[in-house]
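S.K.: I grabbed these lines from TrEMBL:
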- GLU77, GLY78, THR79, ARG107, GLN121, GLU125, ARG253, TYR257, TYR258: L-histidine binding site (BINDING)
- 6-317: domain 'Aminoacyl-transfer RNA synthetases class-II family profile' (DOMAIN)
Amino acid sequence: MLQKPRGTRDFLPEEMEQRREIEMRMRSVAQNWGYREICTPTFETQELYTIRSGEGIINEMYVFEDKGGRKLALRPEGTAAVLRMYVNEAKVLSKPVRWCYLSDCYRYERPQKGRYRQFWQFGAEQIGADTPAGEAEIILLAYEILKATGVRFTFHIGHLAPMKHLLSDLSDVHRKDIMALLDKKNFDGLQKYLEEINAESLFASLKSLLECRTIDEALKICGDMPDKERMCELIKILDSQNIEYRLNLGIVRGLDYYTGMVFEGFADNLGAENQIIGGGSYRLAHLFGGEDVASCGFGIGFDRVMVSIGEFNPQKPPLVSVVYTPDVSDFSFSIAKIFREAGITTELNLLERGIGAQMKHAAKTADYAVVIGKREAKSGKITLKDMKSGEQKELSADSAISVIRGVK
Ligand code: HAM
């Protein structure tokens, strides 16, 4: 028996129905905020990802050469492609551009619960605002979308400015190394590294920065610093909207394109892979041949949200099973058409079994059976059976449709 590739999943109809319900809730909140849905290709040129992150990223991606020798990659995330598309197609649009997407993404990772090689992200990108209001909007939108799904989560909001300020005397390489250690919360490694580069005095201030729970505490450590007003304005807007979050100035984010505001969200009931959202402010358009435009956005780990919510029964429209004898198949097909045109989900029995066997099948799968035999075909009426109550009535197709609509 052939198996699916490692790190991928099959979704049966019950699971797809739950996923579609949650997708629908996410889309409708995004739409309500003016974020319009877009779609980019599943694969892009490798360069789109290496241009910012370097060749190292290739190890973490699904990469291949096509028959024309072009180096391509399955997208590992949504943002780079969205900004490429913006540069290609939409530079002339009035700013800010507000877009959202639901994309399958591919990463060559070691699969475990909540970590897959194919997974889905619901993302939003806001291009060209470059204001604290724009950043606040993205955070508030993310918060509302997650709330609409019913997932229980904790939000951490941070800003790179204080950390960058503390590390401003160091070289780019040292700064990057330190931020990578902080990202991994490897404090022993950090202390060792700081000793090696003769900057051990920074350890205490970095640790206190990570413990700050208010922006005032952070300003006491950092003093005057670039982006101070902008950061304070962002926090002021967020606080005015009463969202629950924790200030976390230790958020560094693995993707190295963030420039200022950064945020992450964690599901309350998941284990190691509990991060369900990551986002922040960044600049990418100039790398793809566009003008340097400030953007911000987020990616929600759709699959992790689904794991966190757990199974549920989405509201389903009633299902009708048409049970008929082969001699009245034409009439039965026509009745099924009338029901479908009325918006009712209708299945015909296809196995040419006796009425009894068909009714047994209908009892397992359908809310109503529409029974059609010679007598019904002659009178033009049908017999409608409610599979839950067992009640049955001979009715015209129109009256049967009203009964079905009235009940559910
Ligand atoms: P990211 O943090 O790499 O950010 O991914 C966003 C979310 O995708 C994660 O928080 C996680 O929930 C989910 N995720 C990542 N890898 C996997 C995996 N292997 N299996 C299941 N879920 C996964 C980004 O991708 C940025 N593009 C976010 C962004 C948008 N920043 C600005 N705009």
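Every residue, even glycine, has its Cβ placed from backbone N, Cα and C.
Predicted automatically and left uncurated, TrEMBL annotations should be read as such.
Remember, it's a predicted structure, so these values are computed and weren't measured experimentally.
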S.K.: Below 8 Å Cβ to Cβ and six or more residues apart, same chain only. Which residues does that give for THR79 (L-histidine binding site)?
M.R.: GLY123, GLU125, TYR257, TYR282, LEU284, GLY297, GLY299
S.K.: Taking only the binding-site residues GLU77, THR79, GLN121, TYR258, which have a CB closer than 6 angstroms to any atom that belongs to ligand 1?
M.R.: GLU77, THR79, GLN121
S.K.: For TYR258 (L-histidine binding site), list the number of other Cβ atoms lying within 10 Å of its Cβ atom.
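M.R.: A count of 22.
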S.K.: Sequence gap of 6 or more, Cβ distance under 8 Å: name the residues on the same chain that satisfy this around GLN121 (L-histidine binding site), in order along the sequence.
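M.R.: Listed in sequence order, they are GLU77, GLY78, TYR101, LEU102, SER103, CYS105, GLY299, ILE300, GLY301, PHE302.
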S.K.: Over the domain 'Aminoacyl-transfer RNA synthetases class-II family profile' (6-317), what is the model's average pLDDT?
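M.R.: Reported value for the domain 'Aminoacyl-transfer RNA synthetases class-II family profile' (6-317) is a mean pLDDT of 95.
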S.K.: Does ARG253 (L-histidine binding site) have same-chain partners at least 6 apart in sequence with Cβ under 8 Å from its own Cβ, and which are they?
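M.R.: Listed in sequence order: ASP183, VAL262, GLU264, GLY278, GLY280.
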S.K.: Please find which two of GLU77, GLY78, THR79, ARG107, GLN121, GLU125, ARG253, TYR257, TYR258 have the most distant C-alpha atoms, given that the record lists them as binding L-histidine, and give only that distance in angstrom, rounded to a whole number.
M.R.: 21
